[in-house]
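Record features, source TrEMBL:
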type: TRANSMEM; residues: 12-39; note: transmembrane segment
type: TRANSMEM; residues: 51-71; note: transmembrane segment
type: TRANSMEM; residues: 91-113; note: transmembrane segment
type: TRANSMEM; residues: 134-156; note: transmembrane segment
type: TRANSMEM; residues: 186-211; note: transmembrane segment
type: TRANSMEM; residues: 232-253; note: transmembrane segment
type: TRANSMEM; residues: 265-285; note: transmembrane segment
Amino acid sequence: MDVLIRSPTFIIGLSIISLELFASIVLSFFILVVILCDWQKTRHVRSRDRIQVALNSSAVLFTIVSTFNSFPDILQTKFLQNWSSKNLVNVFSVYSMCSCSWLTALLCFFYFIKVVNVQRGFLVWVKMKIASIVPWQIFAVELVSLVTSSLSLLLYRPPQVLHRNESIIEQSHQSLEIRALVADGIFLLICLPFVLSFITTIITVGFLMLHIQKMKDTMTLGDINLNMYRRVIHKMLHFLVLYSVFYLSMFFYHSEVFAPYSLGYWIDLFLIFLFSPAQAFLHILDNPKLRSSWRRKLRPQQKFIQQ
């Protein structure tokens, strides 16, 4: 292990992951501070800001949990090797992943509701009541995440001494079947938001095509709503790509597809730890208030570099 720690690949890999952790915490806390300071001044928080506060809080939790989950394996230490500690880390990991996934799906749905142009039906009521609906949606998301993480407790049990007994073997088979069902349920609850986000994006693209056709029929191709549709679709596509890479990276890591400390192993870890800062960066680009605050923070540094 001492030889491994001194190797340039190990040092570079650990340095990159540490930078990603630092960027994740800085960007997430920047978003939280800007939104909370604005709320303190105006006593009003927009629906999108509410979702982003909840989402970045979950992202910070995921970053912390990923650190406790991955670093003992990277450093080959006995930290968090007892059953109760590992179980707690796994529960928080499931909770943060589920929360991030569902909140991102909620954000895509919010974008869809804000740009879609409907005159009747259920979506009209949702569009009118979106400000009061969003807090309840966030509460429902956190409740689903809490239930999902609680179910994950059934997947992890303390090691037991097994005796050669038919009844015990039968109970063991039943336990394995239950754990398999629970694992499938957790997988479904974590991946379902991605499917919903994809469907929402497809529907938004459909509304965009209808809007373009309507503008062609009325000879009004310079409509402002066209750019709004395109911006929203680009935002959704960015999140879909981000979560696609994230899910694949998590699958490769937990399936142990790559040998420890191989090039694929390090790239997989880089992509996992890149998830949180990349998501925060997309939120800053998406939110005009966050974007302007970020530019104001960078302006003094740019002037200093130019001097």
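Here the Cβ of each residue, glycine as well, is placed from N, Cα and C on the backbone.
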Contact between the transmembrane segment (12-39) and the transmembrane segment (91-113) (3 or more Cβ pairs under 8 Å, separation 6+): no
Among 51-71, 91-113, 186-211, 232-253, point out the range having the most Cβ pairs under 8 angstroms from the transmembrane segment (134-156). 91-113
